[in-house]
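Listed in TrEMBL:
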| type | residues | note |
| --- | --- | --- |
| COMPBIAS | 695-713 | compositional bias 'Basic and acidic residues' |
| REGION | 545-569 | region 'Disordered' |
| REGION | 686-713 | region 'Disordered' |
| TRANSMEM | 20-44 | transmembrane segment |
| TRANSMEM | 64-84 | transmembrane segment |
| TRANSMEM | 99-119 | transmembrane segment |
| TRANSMEM | 140-162 | transmembrane segment |
| TRANSMEM | 205-223 | transmembrane segment |
| TRANSMEM | 297-325 | transmembrane segment |
| TRANSMEM | 406-431 | transmembrane segment |
| TRANSMEM | 437-458 | transmembrane segment |
| TRANSMEM | 465-485 | transmembrane segment |
| TRANSMEM | 505-527 | transmembrane segment |
| TRANSMEM | 582-602 | transmembrane segment |
| TRANSMEM | 614-637 | transmembrane segment |
């Protein structure tokens, strides 16, 4: 089953690492990343004038490039479940599981690219997608979607912490409750100090390390490892495993076929549930808001395609290695098969890693799980912080809140939410609710709000009542479908039964598709709206002048804080309109390829992989993961090479005394065509003739040489 409620007695296995390693990774590495990000935040403030305003904290200045957007998307979508649950699905169903998991969770990121562009085009100053909903419909739909958005963040956060702590406990013996409370500590530290920018930079670092470890696992299993060492060896052992315990519902009981009844059911549950966790998670809208206009679309397309390889190859490597080695003394549960409770808890990957690489494999697993949990958790902290601060506090409590007050509230929410999630996770641990159960249940709870949320940004005819009521009515239908199916299937309402495939399938499908009925009905009853999109354009940024004044800085000099001119706004809208048209075509083509053109012919024919075909399958996965490493590991470095070189130069000048910080800032202003100090800063747009310049820009043109002279002193 795909759910997490099995009551099979757990087989006790020795821990591959001691508790000291667990505490060392969780506390030591967490502190190292926190200190590193605090240092980076200091450097950006000192040399790049990135003042930590409320806007910078929650939007990263809206200037992030496509490489970092892509790595942030990959990191945010690489939960503990991505690595652990996908390997478990592969262990249950064979080669079909990784592809069902990866394709069923990639299309949402690709399709979301269109919503990302629409949000930037319709509401360029928004901090959350909920602000756009309130600007269009008012209070009632805003509150409804706020509840669904926060529930989404809570479920995702719980899954991260519950899954990560279970794996750490299995590998090191570190007490689960200690892991639950300690995992978020370092994340809170660097998120409070650096905000969304620190989160995005940490996302890149985590993704870089994660991809390297996945490559090591793949090469150990399929190229050079002692335990296996080649696709041919794995293939032979999978054939033997199918003879020992054929898979019920798979064609001829084989682990080497895409035709898997239970795998296909999981595929549908996966697609439906993941629409909610992307389209309703403010963390993904945060990335869209943080991206500069020309980088939002390529960032999301790059992120989606690079992410695909992570669950596909990780599960194809570790899930199949688990099956291949379960009859080997190297395997932790030998001579028994893994109990379903362990599979649902996400322990296939760590057990396979121990069998492949011994203690080194256990340490690598601990590291990637830590990376996945902490990076995705930081995204959730910012997502919840921006909702509470901008959609609750600034909207309903203190509309005139200053920049300093908004920053203070952001810090409070980040710390408070981390404590809340840790405490909630302890309750789930005592109740016996695993990561697998949360993963498949999520769609039942939240997916009824997916279609209305998408239509808010894409269809001018949606009315207030259809937007507000269809998610609630859909949730009621989904709960009834889920629980009635569970009662009919099992005759009881246990965790094991409600977490099984058929009840979850019924609930997930009812949740996603019921608004298809409710929205037209409510549109007929209350009429079709003719929305002009103007109120979304009127959303205001936070007022951070008090923050800038306290630091003695002109707010217009802070990157991302300068007010855009009318001409710049028009140019931005042209770029976004073009990107919107491209995104709709590209995302539809890629979605059809991943959901139909690739898997369905293999499913329909019931083809059982031959040894050469399986070898080619594995080789494609390894090539893809190397391309992912280039795309979201190396490309962000290349894309930011000039900024990196310039910042290193400024640090060298400052450390050696060649130039002080004031002279460095003067050089930056001269290069950008800004006037520093005194009054409002104005940027001279390159390529604009004097006849097209504003009076302020003409003035700056005459001052630019002066700034260059200052910089040379």
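Each Cβ is built from the backbone N, Cα and C atoms, and glycine gets one as well.
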State the non-local partners of the transmembrane segment (582-602) in its own chain: residues 6+ outside its ends, Cβ under 8 Å from one of its Cβ atoms.
96, 99-100, 103-104, 106-107, 110-111, 113-114, 117, 257-259, 271, 297, 301, 304-305, 308
Please report, as numbers and ranges, the same-chain residues at least 6 past the borders of the transmembrane segment (505-527) whose CB is under 8 Å from any CB of it.
265, 268-269, 272-273, 275-276, 440-441, 443-448, 450-452, 455, 461-466, 469-471, 473-475, 477-485
Sequence-remote contacts (6 or more beyond its ends) of the transmembrane segment (64-84), Cβ cut-off under 8 Å?
105, 109, 156, 159-160, 163-164, 167, 197, 199-204, 206-208, 210, 278, 283-284, 287, 290-292, 295-296, 298-300, 302-304, 306-307, 310-311, 314, 346-349, 368-369, 372-373, 375-376, 379, 435-436, 439, 628, 631-633, 635-640
I'm a bit unsure how to read this: which one of 205-223, 406-431, 465-485, 614-637 has the highest number of Cβ pairs shorter than 8 Å with the transmembrane segment (140-162)?
406-431
Distal contacts, the transmembrane segment (20-44) - CB-CB under 8 A, six or more residues away:
50, 52, 168-169, 171-174, 178-179, 182-183, 185-187, 189-190, 193-194, 197-198, 201-202, 205, 363, 366-367, 370, 374, 647, 651
How about long-range neighbours of the transmembrane segment (205-223): same chain, 6 or more residues beyond its ends, C-beta under 8 Å?
33, 36, 71, 74-75, 78, 229-231, 234, 310, 313-314, 317-318, 320-321, 353, 356-357, 361, 364, 367-368, 371-372, 374-375, 618, 621-622, 625-626, 628-629, 632-633
